[in-house]
Amino acid sequence: MSKSVQVHAPATVANLVCGFDVLGMALHRPDDVMTLTLKEEPGITIEHTDIYQLPTEPEKNVAGAALLAMLEELDHPPGFHLVTDKRIKPGSGLGSSAASSAGAVVAANELLGKPFSNEDLVRFAMNGEKVASGVKHADNIAPAIYGGITLIRSIFPLDIVQLSGPPLFVTVVHPQIEVRTADARQILRKEVQLKSAIKQWGNIAGLVAGLLKQDYALIGRSLEDVIIEPVRSILIPGFDDVKSQSREAGALGGGISGSGPSIFMLSEKESTANAVEQLMQDVYTKLGIDFKTYVTSISYEGVRVSPVTVHQP
Ligand SMILES: Nc1ncnc2c1ncn2[C@@H]1O[C@H](COP(=O)(O)OP(=O)(O)OP(=O)(O)O)[C@@H](O)[C@H]1O
Ligand SMILES: N[C@@H](CCO)C(=O)O
């Protein structure tokens, strides 16, 4: 019998509006379910039980790329067989690629007796993000691995700060269109005006302070992005309506989740989060665009591991 573990890898919201590439949070749902089995013989094999037709070559699948980076640091690298039931649609803006990379390395670390720290795991998993979007960034990976809300102060060298915050409800709408992170990064301007930068760093600092002080009003005031959102929101039909109507309904604020097309809104009360879900549904029904919505909250656990027994043929 081979040794296996099952993990639930969470969706994540990167950027948290003003914190492009530096802030992110993990959600309770949706999540991917992955089963990793240790093999005696070297090599990585990948299987998907979902509908997304993702590549199964380890170098092209983000989970495979993350595992390959980990194996490079082992003296006697074993092999792995990975089975993924992907429930976070790729290109959703909900950290689909990060869930696969983070889930794979957390599972592998567990099977190997935990030789690596969480920071090591983030470092390995960022190789998956490089495959998905062409760049290493950790604002989905870090919250997926650590849980909760994380600040990535630096990626070279890695400096990850876990943030606490007050209870928050998160409403997400995922219009069923695909925005590839690589494309959504390509359209960004490479230079920023000083006056925009000043506004943005005021908001990032305000958001972090608001979370730590559990000050809902400060959190709400700071959920403003004057640099990325004006460019990317054009790719998302219904964005302006969802945002303005959610604020009117009492949400603290929100914006594009990761690189989109999903939109998230934060609320202090569950009843407000439910009202926001209803208005999101109304906006996309009117537009005739298929969508999924979730009312959820922040997962402070990150990737969840549970032992399983898998009988190999
Ligand atoms: N195991 C995998 N899971 C998800 N995407 C994968 C996987 N392997 C390769 N990919 C590729 O990665 C890309 C999806 O990643 P992308 O970063 O664009 O979306 P996302 O993770 O949903 O978005 P975001 O990072 O903004 O939250 C697709 O091109 C997909 O084919
Ligand atoms: N910070 C990244 C997250 C994408 O997953 C971006 O917005 O491009």
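Every residue, even glycine, has its Cβ placed from backbone N, Cα and C.
Because the structure is a prediction, the values reported are computed rather than measured.
If you check TrEMBL, you get these features:
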BINDING   Lys89, Pro90, Gly91, Ser92, Gly93, Leu94, Gly95, Ser96, Ser97, Ala98, Ala99  ATP binding site
DOMAIN    62-148  domain 'GHMP kinase N-terminal'
DOMAIN    208-283  domain 'GHMP kinase C-terminal'
Residues that sit under 8 angstroms from Ser97 (ATP binding site) by C-beta distance, when 6+ apart in the chain: Val62, Pro90, Gly128, Glu129, Val131, Ala132, Ser133, Asn140, Thr181
Residue among binding-site residues Lys89, Gly91, Gly95, Ala99 with least C-beta crowding, 10 angstrom cut-off: Lys89
Average pLDDT across the domain 'GHMP kinase C-terminal' (208-283), rounded to a whole number: 98
Summary of DSSP states over the domain 'GHMP kinase N-terminal' (62-148), given as helix, strand and coil counts: 48 helix, 7 strand, 32 coil
CB within-chain contacts under 8 A for Gly93 (ATP binding site), separation at least 6: His174, Val179, Ile256, Ser257, Gly258, Ser259, Gly260, Pro261, Ser262
Sorted by sequence, non-Lys89, Pro90, Gly91, Ser92, Gly93, Leu94, Gly95, Ser96, Ser97, Ala98, Ala99 residues with Cβ within 8 Å of centre, ATP: Ala11, Ile88, Asn140, Gly258
Secondary structure composition of the domain 'GHMP kinase C-terminal' (208-283) [DSSP: H/G/I, E/B, coil]: 44 helix, 9 strand, 23 coil
